[in-house]
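Listed in TrEMBL for this protein:
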type     : residues  : note
TRANSMEM : B:35-58   : transmembrane segment
TRANSMEM : B:97-116  : transmembrane segment
TRANSMEM : B:123-141 : transmembrane segment
DOMAIN   : B:159-353 : domain 'ABC transmembrane type-1'
TRANSMEM : B:161-182 : transmembrane segment
TRANSMEM : B:194-222 : transmembrane segment
TRANSMEM : B:276-297 : transmembrane segment
TRANSMEM : B:304-322 : transmembrane segment
TRANSMEM : B:334-352 : transmembrane segment
Amino acid sequence: MNTTRWLGLGITLLAPTLWVPATAMADTLEAVQERDSVRCGVNAAQPGFSSLDDNDQYRGLDTDVCRAIAAAALGDASKVNFVPLDSVERFAALQSGEVDVLSRTTTWTSSRDTTLGMNFTGVSYYDGQAFMVASDLGVQSAKELDGAAICTQSGTTSELNLSDYFRINNMTYDAVVFDSPEQSIAGFEAGRCDVLSSDASQLYAQRIQLADPNMAVVLPEIISKEPLGPAVRQGDDQWFNIVKWSLFAMLNAEELGVSQANVDEQLSSENPDVMRLLGQDGDFGEAMGLSSDWAYQIVKQVGNYADIYDRNVGADSDFNIARGLNALWKDGGIQYAPPIR
Amino acid sequence: MIHNRTMIEPKPAPSSSVGPVAWLRSNLFNGPINTIFTLIGLYILYLLVVPTVQWAFINADWVGTTRDDCSREGACWVFINARFTQFIYGLYPRSEIWRANIVFAGFFTLIAWLAIPRLPFKHWVAVFALVGFPVIAYVLLHGGYFDLPRVPTHRWGGLMLTLLLATVGMVGALPIGIVLALGRRSNMPIVKSFCVIFIEFWRGVPLITVLFMASVMLPLFLPSDMSVDRLVRALIGLTLFQSAYMAEVIRGGLQAIPKGQEEAAAALGMTYWKRMGLIILPQALKMMIPGIVNTFISLFKDTTLVMIIGLFDLLGIVQAALADSRWLGFSLEGYVFAAFMFWIFCFSMSRYSQYLERKLHTGHKR
């Protein structure tokens, strides 16, 4: 991956200079409606976030975000044209107009937000570096890992985060470095190290590759911030709003108890927040250039945030990742959406 | 005195000098050092072959539909089975696969027809393969005509895409390469410098850069309402890239033809194109078969690079399948399958080229 990274750095540095023509393309919504599909840049292969199933369908949290945007903008969640993008070409593809929205496990950082001509619209998944240990070690917290042998991947920020974390906590460790996720999980399984450290979402995907996934547990500590979210081109505030509020609508729906299963019953709800969300009251959809039932379509066809989380990475998936930081603010997490009113 | 007047029956050579035992003795066990090496070699072979066979065949799981059908003691071919359609056709709509099948059938029939010497009408078949078939294949695969639903190219993938990229690349690169090679040897300064610049430019940049430019940078320079299909861009990039390599291979062949050949042809009053087409190129191309096939095989394998521009070729679709949470952890099976498919095609090309060399052998080899 090192060459890809260097190439990526080169493109990242080069990209701002090429960004100028893209801003000329305003009114993405009009283009989307004319084309009758949303072009959504996704990862070709990221377990839980975007991957192809046996029936040629994309499954994952990131791809469901794309579907939600299509449901809001076109009233049909299936009208998404998924464009698989390499980590190197993703920003250029967004800038050149190849895709309307980038939903590809992209970490929101200041440099990307300010220099690449793109706007992040929110956080669909709070990721961060975590630790996985063999369950028979009986370790409960990362603070107990003093002197452990830790497997990591080379050329990633996780090596750096690791050394910072251990220095701050006055602990020592031996790094065992691998080149790819497959190699590091094989090393962990073979007992080359006691601990495997990587982004939490990846750890859970690696965990189910073990012969017996129950032999390992992911510790609760998260030692770095990796907020992943969708991004759009700068210069089209209407489209920016649509993508932003598609995600917020899913979070608000969960908060209000409106789910894919009960959304039709909730249409007759007397709760003013629910009525505003589902377009029974007010014209919040029209203000974005959408129909008034935009959020209803999202929840009906794709689901609320809990639905897509559980289906793809949470309790109903193979990964079974606890909500953690991604729980709603009222449930102890930090997922918080501004109200619709 | 007894005279033995009968001849002694001829006996076969002693078993110590003929037969497999003798061969073994003289080749594998002649002397202590060779015996030791033979035994070590056999042991290493044993160490390699037995686990491989056990993994791939004996302990492997063949039937089922989900990962739970795999015992995990050996290979899980269930994964390949469940994904086979996807590996061959990519995301091509399942209801339209018959169209791709017709194209596949036509493609292999034409290749077999051209390759098997006994079959008649070679010229007409070749013309059809180069002119008629691509049009038919395009109409069938892409649709949009005769009530066939349109299948956009981003849904094409798998082996189908790999073969498409490789075939178009080969068929395009060979003639362009010949023209470039001739141009580079030309005396006309403009033609010559154009060819030199073209070849040196395309040989000087990595294919990954070409594809990346074609996929990502090109749309930035084109007006926003103008868009060229991703696959077409990749095809053009791949063809131009390979034609530069092809040109140099063919130029090597041209240089190996003695100057007297061309001078003799000129003395007979042949024009430039007749000299090239009838005298020089047939000899040069025949000599360059190993080099040309080498380039073809490398092109075939280079098609996997289209993965970085978001096209799912055979390897790309296998890698995408490996990320499906229902099938995590079967990367070895996936890669073995991809390697096997690539091997089949590359090895067939290699064998066919050896056959061609033998067939066209007219005593020019030393």
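Any Cβ shown, glycine's included, is placed from N, Cα and C.
Nobody curates TrEMBL annotations by hand; they come from automatic prediction.
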Is the transmembrane segment (B:35-58) packed against any residues at least 6 beyond its ends, judged by a Cβ distance under 8 Å, and which are they?
28-29, 74-75, 336
Are there at least 3 C-beta pairs under 8 angstroms linking the transmembrane segment (B:161-182) and the transmembrane segment (B:276-297), leaving out pairs fewer than 6 apart in sequence?
yes
Intrachain neighbours beyond the transmembrane segment (B:97-116), with Cβ under 8 angstroms and 6 or more residues off its ends:
85, 89, 122, 125-126, 128-129, 133, 136-137, 140-141, 143, 148, 151, 160, 163, 167, 352
What stretch in B:123-141, B:161-182, B:304-322, B:334-352 has the biggest tally of Cβ pairs under 8 Å against the transmembrane segment (B:194-222)?
B:304-322
By Cβ distance under 8 Å, which residues at least 6 away from the ends of the transmembrane segment (B:304-322) in the same chain are close to it?
79, 83, 86-87, 90-91, 154, 157-159, 161-162, 165, 207-208, 211-212, 214-216, 230-231, 234, 238, 328, 330-331, 334-335, 337-338, 341-342
